[in-house]
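According to TrEMBL:
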- 62-66, 137-143, Asp166, Ala267, Gly321, His369, Asp438: (6S)-NADPHX binding site (BINDING)
- Asn63, Asp133, Ser169: K(+) binding site (BINDING)
- Lys407, Gly408, Ser409, Thr410, Thr411, Gly437: AMP binding site (BINDING)
- 10-223: domain 'YjeF N-terminal' (DOMAIN)
- 232-492: domain 'YjeF C-terminal' (DOMAIN)
- 491-511: region 'Disordered' (REGION)
Amino acid sequence: MRDAYSVETVRAAERELMARLPPGTLMKRAAAGLAAACAGTLGRVRGRVYGSRVVLLVGSGDNGGDALFAGAYLARRGAGVTAVLLSPERAHGAGLAALRSAGGRAVAAPGAVVEGAPVDLPALLGRADLVLDGIVGIGGRGGLRPDAVEVWDVVRDAGVPVVAVDLPSGVDADTGEVRGVAVRATATVTFGAHKPGLLLAPAREHAGAVHLVDIGLGPYLAGTAPVARAPRHADVARLLPGPSAESDKYRRGVTGVAAGSARYPGAAVLAVAGALRGGAGAVRYAGPAADAVVARFPETLVSAGPPSAAGRVQAWVVGPGLGDDRAARETVRDVLAARVPVLVDADGLRLVDVERVRSRTAPTLLTPHAGEAAALLDGVPREEVESARLSSARELARRYRATVLLKGSTTVIAGPEEGPVLVNPTGTGWLATAGSGDVLSGLVGSLLAAGLSARDAAAVGAYLHGLAGRRAAPLAVATDVADALRPVWRDVAEGPRRPPRGREEGARGET
Ligand SMILES: NC(=O)C1=CN([C@@H]2O[C@H](COP(=O)(O)OP(=O)(O)OC[C@H]3O[C@@H](n4cnc5c(N)ncnc54)[C@H](O)[C@@H]3O)[C@@H](O)[C@H]2O)[C@@H](O)CC1
Ligand SMILES: Nc1ncnc2c1ncn2[C@@H]1O[C@H](COP(=O)(O)OP(=O)(O)O)[C@@H](O)[C@H]1O
Ligand SMILES: [K+]
């Protein structure tokens, strides 16, 4: 798992560690890691550090200090380093001295000049190979302030690669929200631990590739809870269900799918496609699209009556393409009365009653996109859910006493109890295609039927679905996503493959 901790937790851990170390040690560790990452970037964009030109954007706190010390390292390796100070009188003193003694120089940002001609920022940045964003880190509040926006506009127009120090300045470290203007970085070098904002959209889109520098916080974070966790391949591989020697199709789990309508038979077909690829032993379909389902997937057990008459299942998926007529309403009610885990998606979400969900004893999993979540949250604007995914998913889970998988640019999973949310690290915008959500609901329902908890089923399903979307891209349609589930399942189950002996050398030689 990649764990992300709140600013409060990171600061507490830093305090404990700092008390055991000589002053300045942590900042020097951070800056050394930052400089190494910047040297790597310069190697790629310029071929070497020596002779390259680096501009530091330096704010008034320790984030600027990190940038100044890293600038000093780069200056010692022969880079021409200029620090642009947003608040010259408050810039980190020791960092500034280190930069100057290494041969770097500092200028006041245009908005901070008290006398003399202001620096020609466009010219300075026009010559730059790399910019370090040390405007603000975990001490930041709100979007960039006007003087910082002015500087950032010039950097953005210059098109120079930007390495953000700890966080892209202007994003909210704890929530991933971006309220105002924020730096867009090529890469972010973060210290000690990931911050939730580095995992969650929209802030995540500002961070670029994220590198974590170990400054020794590990032991001081060990006993504390992360705010968000992003699973990795190995975490998902551990949870994948598979047959044992004694398995039969019923023991592997039967997934029930109550989806589709005369108007939307395709949603039933796609949900069944996902369910057939989720590790359960069989799929039962109950509803009016049985002919379309069997025509495409003859392995499905179909019935036209209510779900409760379809035979035993270990989990239900209800909602995709159901419509909103009386029959749809009746289907949702019928499924929610089952004493097995239930996943509610799409049209089903418009028909659920909050008290009925809260009073269920078996787990319920809601899988809204932002629009559906907004409606479930009493009609808050959709944009509000998109800009505050973490709190929206948590609030929904709390209100409905259910597990919530909030879909979209970052899929977030929140449980009804306190505790870290899960953030899905896979996925691609190509998944924003009609019916891909239906595939996801079937897949996750099947994982529930195979015995995973709602939280694990949601995490594993979102992870595999995201990988399948990437594999099926570009121009993926929902059917392609379902077809790609088998190869990505195999990849995750088998783990990273080592190249055959002798190939490693060759591969290195080629790059
Ligand atoms: N505490 C520690 O032990 C360590 C901290 N480190 C660095 O220190 C940073 C935190 O330093 P600070 O607590 O000094 O805080 P920051 O440097 O993140 O920011 C605080 C300063 O930024 C200004 N500011 C706040 N919001 C702003 C906005 N929206 N636009 C422009 N300016 C804004 C504030 O007036 C304040 O002076 C971390 O992000 C990290 O880079 C690292 O050196 C590692 C060790
Ligand atoms: N910008 C995006 N980046 C990554 N994934 C996305 C993006 N937009 C949508 N998705 C994913 O695509 C799927 C779409 O599901 P949904 O909105 O329910 O569509 P539909 O109802 O047409 O099936 C979800 O898994 C969602 O997380
Ligand atoms: K920063």
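Just so you know, glycine gets a Cβ as well, placed from its N, Cα and C.
Per-residue pLDDT, averaged along the domain 'YjeF C-terminal' (232-492), amounts to 96 for this model. In terms of Cα spacing, the binding-site residues Asp62, Asn63, Gly65, Asp133, Arg141, His369 that come within 10 Å of Gly408 (AMP binding site) are His369. Summary of the K(+) site environment: with the site residues Asn63, Asp133, Ser169 set aside, the chain residues having Cβ atoms within 8 Å of the Cβ mean position are Leu57, Gly59, Gly64, Ala67, Gly134, Ile135, Val136, Gly137, Gly140, Ala164, Val165, Asp166, Leu167, Pro168, Val183. Counting only same-chain residues at least 6 apart in sequence, those with a Cβ under 8 Å from the Cβ of Asp166 ((6S)-NADPHX binding site) are Ala30, Asn63, Asp66, Gly137, Ile138, Thr188, Val189, Thr190, Phe191, Lys195. Those same-chain residues not listed among Lys407, Gly408, Ser409, Thr410, Thr411, Gly437 yet with C-beta within 8 angstroms of the centroid of the AMP site C-beta atoms are His369, Ala370, Leu406, Val412, Asn424, Gly427, Leu431.
Compared over the binding-site residues Gly65, Gly408, the count of CB atoms lying within 10 A of a residue's CB peaks at Gly65. Filtering Asn63, Gly65, His369, Ser409, Thr410, Thr411 by Cβ distance to ligand 3 (under 6 A) retains the following binding-site residues: Asn63. Between Asp133 (K(+) binding site) and Gly65 ((6S)-NADPHX binding site), the C-alpha separation comes to 11 Å. Asp166 ((6S)-NADPHX binding site) falls within neither a helix nor a strand when secondary structure is assigned with DSSP, and so counts as coil. Taking a C-beta cut-off of under 8 angstroms and a sequence separation of 6 or more, Asp62 ((6S)-NADPHX binding site) has the following same-chain neighbours: Met27, His92, Gly137, Gly139.
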